[in-house]
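Engineer: Pasting a structure below so you can have a look.
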Amino acid sequence: MAQDDHSGTELAAADSSLAAQEFAGSTGTAVIPHDAFENPGFEPHRPRVTDEDAGREKRAQRTVYTLFYLSILGSVWAIAAYMLFPIESNDVGAVRLNNMFIGLGVTLALLGIGFGAVHWGKTLMTSAESIDVRHPIGGSEATQQGAVEVFRQADEESGFSRRTVIRNSLIGALLVFPLPAVVLFRGLAPQDQIPVELLSHTMWAKGTRLALDPSGVPIRAADVTIGSAFHVIPEGLVDLEHGRLEEKAKAAVLLMRLDPSELNEAPDRESWSYDGIVAYSKICTHVGCPVALYEQHTHHLLCPCHQSQFDVANHCEVIFGPAKRPLPQLPIAVDDEGYLIAQSDFTEPVGPSFWERH
Amino acid sequence: MSTATTRSTTPAKRSFTAGASEYINDRTGLAVAIKGLGRKAFPDHWSFLLGEVALFSFIVVLVSGTFLTFFFQASMAEVHYEGSYVPLKGVEMSVAMASTLDISFDIRGGLFVRQMHHWAALLFVAAIGLHMLRVFFTGAFRKPREINWVFGFTLFILAMAEGFTGYSLPDDLLSGNGLRIIDGMVKGIPLIGTWTSFLIFGGEFPGTDIVGRLYTLHILLLPALVVALIAVHVGYVFIHKHTQFAGPGREPTNSVGPPILPIYAAKAGGFLFLIWGVIALIAALFTINPIWNYGPYDPSPVSAGTQPDWYIGFADGALRLIPPGWEFVWLDRTWSFNILVPLIAIGIFIVLVLIYPFIEAWIKGDKREHHIADRPRNAPTRTAIGAAGVTFYAGLWAAASSDILATHFSLTMEGVIHALQATVIVGPFIAYFITKRVCLALQKKDREIVLHGYESGRIVKLPGGEFIEVHQPLDEYERWRLVSYESYQPLMIRPNARGKITVGQRVRAGFSRWFFEDRIAPVSKGELESGHDGHH
Amino acid sequence: MTRTKRRAGRRHPLATVALLALGLVFTGGAYAALSSGTVAQAEIDPNSQQTIEEGKKLFQANCATCHGLEAQGTANGPSLIGVGAASVDFQVGTGRMPMQMQGPQAQEKPVQFTDDQVKQLAYYVASLGPGPDIPADHLVNGGGDAANGAELFRINCAMCHNVAGAGGALTEGKFAPPLTDVSGVHIYEAMVTGPQNMPVFNDLNITPEDKRDVITYLKYLQDNRSPGGFELGSLGPVAEGLFIWIFGLGAIVAITVWITAKSN
């Protein structure tokens, strides 16, 4: 083992010189004691009972082949279970039995082989250990020199370091050639759309009726009793041919009716509600989970994903959790027939924050 | 190339196996490899098998996953479900969801394979985690294994990516909300976030592309990378030969253990089947990811207790722990620190873990190869740093289940979040301190045992009337296990050749002092001899 | 580390087989032991003067302290005029009322009254003002469309009660209870009355037929064990992760110890 002159000193010196870095075996700040114990060498080999007792050896042998036979039994059982436990009817109980019995058969087949093989190795195969000699990973000095020589020769024959213009132009070409591939990835999303514009608008527009999720039946103001929570989509969403989920992901709204006396409304938003009925975006301003856990007495809205809490009585301001912005409010009114309608789209982008939002 | 098989002089007596192996060897030259590797020693310790757990559960993932690809259809086209599960009949859902339900309810044994695949995936990542902890705490990442640590850690990240992409494929409500969270996180990244999300989802969230794209990653790109890296990682285990714990006869220059053929092969081969069997047993008896309960993805509903699979939990937990208000509009742009801080914190944590071997090597300046695994107590600062890291990770991880902790322990979720915020910030320091003290105490105990032997419990009265307890001295083999470790000293700063002390030197000396100032050296021969004089 | 694992070598391999057999019997048995409880309908005439008189006596003895002698409400409890028979049947019939102590929310506990007494109380309160009635049997017997019910459940209920009805956390220590053993009548009554912090789902939001479908779905979940095996509490990935770490990896670590232990 390599020792250097740091050993024995109270504090090891920084290997400051170049020589120390070149010395591959530097011990760094390791302390090499002068009178360390010597390795006592291997302990005497201890035979196993199966090495000494022929009866035990026989028994181990029996155990091993029994396990292998059990494995065969398990495989056969799994095949039988495939046929004995069909799942043709609309019965989940049948699926449960099919899953369990095929599974247990396969389990037996696998564990039988596994326990058998390990038991064989542990009790019947020779228990002597072998000893490998380790060699330095870097190889011998001669090998390393040989590798260096190969590179040197290759460099000389190609002129890689000599012909710098060729070399540098090659490096340049290699750096630029992947760029077209990067550009190609623009095609991952439609060419004619800009995300910020899409994120800024939803399906809600002046006069769009509020409808029940999922049926799409419009809601009358009179239907919404105090303490109610209605899960709302814009009327017409269910009839969309394309982009239904994308529109729903922005337009989902929760409609609640509070006692108007409990609602603290800012003066400029008093006209956004109707007789204690308020509509807020259901999409969390944190990372976009649906916020729909409404507590009718505390007026708290909770997001189940990251526990942001919003106070419906105070324009859905954040009272706990990682979200920053209040849930956007949908201004609502009532049309001639008594149905709830939107006064306009949301006045700000709904859902999670994004860079261009301001 | 010479063949190593013995050519029999009497062809009539040659067995079929001998003939077959000669035939193969003459065309492949495998004998060279078998002769070289067949009797290699593989050191034996239970914790050395944890990497194999990861490898074998990956094999189970690969085999079961291949079966699933024959039935799964990665399409987001809408269909009305017409399969066997009554509560979803007629419900509109994507083809991906419908085909996953068909695997579960209409293909015999399909649910079993699906559950095996998912359970094996959870086990795969967990086994990598435990294996990494073993490697860290025994210092098995030291020279020459630093780069293999990096490969291994990269595999851990790839395994998480594999897991997350797979979790998202069925297009059910739970995984859909998971993707929604990913979308929200990506959008929170400055400058590129909005466009990145737009490109990932092929337009607005959720779009109709994401499942197909994740499928390509899940069954093509990521598995190819994992398989390639596993090959390199395991290849280096062969090149480096496995580390071993200190013990009689075990030297830094040898490797002692059962030979690969036959014992190790029997045990490891059997172990593959045992792991597979355990996974099969779990899959036969325990439900995992019941997508039939979750239903198809729809942006409006969500389930209480929406969580990612365990290995993504730490990231989800990090999001939950951010206090309100960490988002600002500045320069007309939105800065979402409620998303950036978790991302950056996790990023720093990952980088630190990734480069830890190089940091420790730089501090020690030790350029020798290390093949003897450390006992964790003999590297107290490293062990304490590891404990701090585990506490940090565990705090984030627990935060991902804050709601479930609240309901199951009758706590408030606000209380749970506040307690975990404290845990993540203060916990690592407490864990560091306690672990370091425990390690030092254990080292002292080892010294006591070497110097004075074990307490035998036998009380003897001396002629003078004094009572003493007889201590049983150690035999030389046991003593060797306790004294054969290396200790390091703090670095003392010395000027370099030009008479200057560089900043790098000062920093290194600072780290070195932090690492090694509480140093307990192993007992030396001299100490034992002089120690015997004054004691019993 | 000086490990001596003599014991591991002695484990009989057949133990595994026995364990497997045990597992088989156990799961099979558990599967067979499906039970479905039905709610007994009391034979109480809702309109008879006698019922209301009995209910009034019970009310004044057990409820009036908080809700007032005429159910007009006090500082400690809300007015019950107009809450309807459904509300009383739910609150008293699930043991939430009478309340044991003030807390974040009233806890379920053993029911304090007989079925007849609960009905008498309910009809007494119903006589004070119009409110939701106890639902008719055909709405709560689970004879509806489970698929429609499941969809409505996911949209209106799952965010609090979990998709599998396993319950979930609310703010400040409140929680949405599990629905795994709640009767159809009580589920219906909870929807129409909105007990505690639960919002009201009136008949114009979720029609009585839709409510019947939701109950049908929940009954389906109650009556059919998960096809995949034990549900681990239906808590999702948290339970699955803990299971694989503790039992999956635990079992495998035990196996690694056995494999590497020296055979005796």
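Placement of Cβ uses the backbone N, Cα and C atoms for every residue, glycine included.
All TrEMBL annotations are machine predictions without curation.
In case it's useful when we look at the structure, here is the feature table from TrEMBL:
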| type | residues | note |
| --- | --- | --- |
| DOMAIN | B:20-246 | domain 'Cytochrome b/b6 N-terminal region profile' |
| TRANSMEM | B:48-72 | transmembrane segment |
| TRANSMEM | B:119-137 | transmembrane segment |
| TRANSMEM | B:149-169 | transmembrane segment |
| TRANSMEM | B:215-239 | transmembrane segment |
| TRANSMEM | B:271-292 | transmembrane segment |
| TRANSMEM | B:339-363 | transmembrane segment |
| TRANSMEM | B:384-409 | transmembrane segment |
| TRANSMEM | B:415-435 | transmembrane segment |
Engineer: Residue list, the transmembrane segment (B:339-363) vs rest of chain: Cβ under 8 Å, 6 or more residues beyond ends.
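Structural biologist: Distant contacts of the transmembrane segment (B:339-363): 136, 141-143, 145-146, 149-150, 153, 157, 184-185, 188-190, 314-315, 318-319, 321-322, 326, 382, 389, 392-393, 396, 491, 508, 511-512, 515.
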Engineer: Looking only at the recorded stretches B:119-137, B:149-169, B:271-292, B:384-409, which one has the largest tally of CB-CB distances under 8 Å to the transmembrane segment (B:215-239)?
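Structural biologist: Maximum Cβ contact count belongs to B:149-169.
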Engineer: Quick one: find which recorded stretch in B:119-137, B:149-169, B:384-409 has the most Cβ pairs under 8 Å with the transmembrane segment (B:271-292).
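Structural biologist: Ranking B:119-137, B:149-169, B:384-409 by Cβ pairs under 8 Å to the transmembrane segment (B:271-292) puts B:119-137 first.
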Engineer: Express the predicted model's confidence over the domain 'Cytochrome b/b6 N-terminal region profile' (B:20-246) as a mean pLDDT, rounded to an integer.
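Structural biologist: Mean pLDDT for the domain 'Cytochrome b/b6 N-terminal region profile' (B:20-246): 95.
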